[in-house]
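Worksheet: the structure to be examined is printed underneath.
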Amino acid sequence: MFPWQFLTSPAGKWLGFVTAIWVQAISGNNYTFSNYSHALKSLMALTQLQLNNLSVAKDVGKAFGLLSGLASDRWPTSIILIFGAVEGLIGYGVQWLVVSQRISPLPYWQMCIFMCMGGNSTTWMNTAVLVTCMRNFAKNRGPVSGILKGYVGLSTAIFTDLCTALFSSNPSKFLLMLAIVPAIVCLTAVLFLKETEPASTPSEQKQEAEFFHAFDVIAIAVAVYLLAFDITGTHGHVLSLAFVIGLAVLLAMPLGVPLYTLFYTPSGTEPSCHNDDIEHQIKEPLLAKIGGPIEKPPEIQNSNEGINLRDVVGKRQLGRTIPLLKWYKRLIFGYCFSHFFVALALECVS
């Protein structure tokens, strides 16, 4: 299958939605100012009022999100994502240079500009993925909006817990992660998030609803996982590393949906071929003339066996109702249980 054909296929459509989830999972950096504000305050010798004004400048950047909304009707999704990635890389990159003391502190008004750029960058990311996914899943806009916004809410906890686990709450490394990780994820989304045709048949809409239920289960599992890490107090190096690996696996679990659609032929393709073959095989009128004798076709007269439904629609069609949601629930439950058990055992040993 050629790359463009894959992107316009159902598997490519769901892979684009997965990358949209990842973009939303790292686009809540506007709410992480408190994780590095004390470093800016001490390095730049700011008063509390000046520090508050820096936070206001960041919020002003979000107010300019209307520009991304206007651009979404004129520019393709890839351009909007690239713009947001570059703007965030510059905005948070300069803050990282200041906090890591690789450059001398900039004048206050310049820092306000870069704070504004960092705050505005996420509006381009949010707009790009939300608008595109709402168009791709026009019949399920409510679940799409809820899932994407849910991951925005989790993004702050994801960044904070990752920084605590990996960098011991180092504000310099935290800012470096805010600058680099969103840019990498956005460039990944540029490759796979494209506008496609929305579901047009009831069977496709029903399948989309089933998949969205699976995404809901995964989002709840991520939230519970982050909450469990936060309320269990201080963790050692081994448990922190196990947490990072477990979180990466949970964030990768949505890939199961595009993989499922990739190796499964939708039911809307095969029956049409069978129907065409059956129509071509019919040579005689279905109803006999009035008053004439009704004769059975030779195939039915010479056979006492009924028509096997599996021979008509194929065995794969009868397996269409695979309980994907139930499979995800069992997988996530077993994974979380075993992961916490192994992590706690390693912590006790160490």
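Cβ coordinates come from backbone N, Cα and C, glycine included.
Marked as domain 'Nodulin-like' by TrEMBL: 13-258. In the predicted structure, the domain 'Nodulin-like' (13-258) carries a mean pLDDT of 91.
The transmembrane segment annotation in TrEMBL covers 79-99 (among others).
According to TrEMBL, the transmembrane segment annotation covers 111-138 (among others). The list of residues near the transmembrane segment (111-138) in space but at least 6 beyond its ends in sequence, with Cβ under 8 angstroms from a Cβ of it, reads 13, 16-17, 20, 23-24, 27-30, 40, 44, 53-55, 57-62, 64-65, 67-69, 71-72, 77, 80-81, 83-85, 87-88, 90-92, 94-95, 98, 105, 144-145, 148, 152, 178, 182, 186, 189, 193-196, 198-199, 208.
According to TrEMBL, the transmembrane segment annotation covers 174-193 (among others).
TrEMBL lists 213-231 (among others) with the feature transmembrane segment.
Taken from TrEMBL, the feature transmembrane segment covers 238-257 (among others).
Residues of the same chain lying 6 or more positions beyond the ends of the transmembrane segment (79-99) and with a Cβ under 8 Å from any Cβ of it are 23, 29, 36, 39-40, 43-44, 61, 68, 71-72, 105-106, 111, 114-125, 127-129, 171-172, 175-176, 178-180, 182-183, 186-187, 189-190, 193.
Here the transmembrane segment (174-193) has Cβ contacts under 8 Å with residues 7, 12, 15-20, 22-23, 25-27, 29, 32, 35-36, 77-78, 81-82, 84-86, 88-89, 91-93, 95-96, 99-100, 118, 121-122, 125, 128-129, 132, 159, 162-163, 167 of the same chain, all six or more residues outside its ends.
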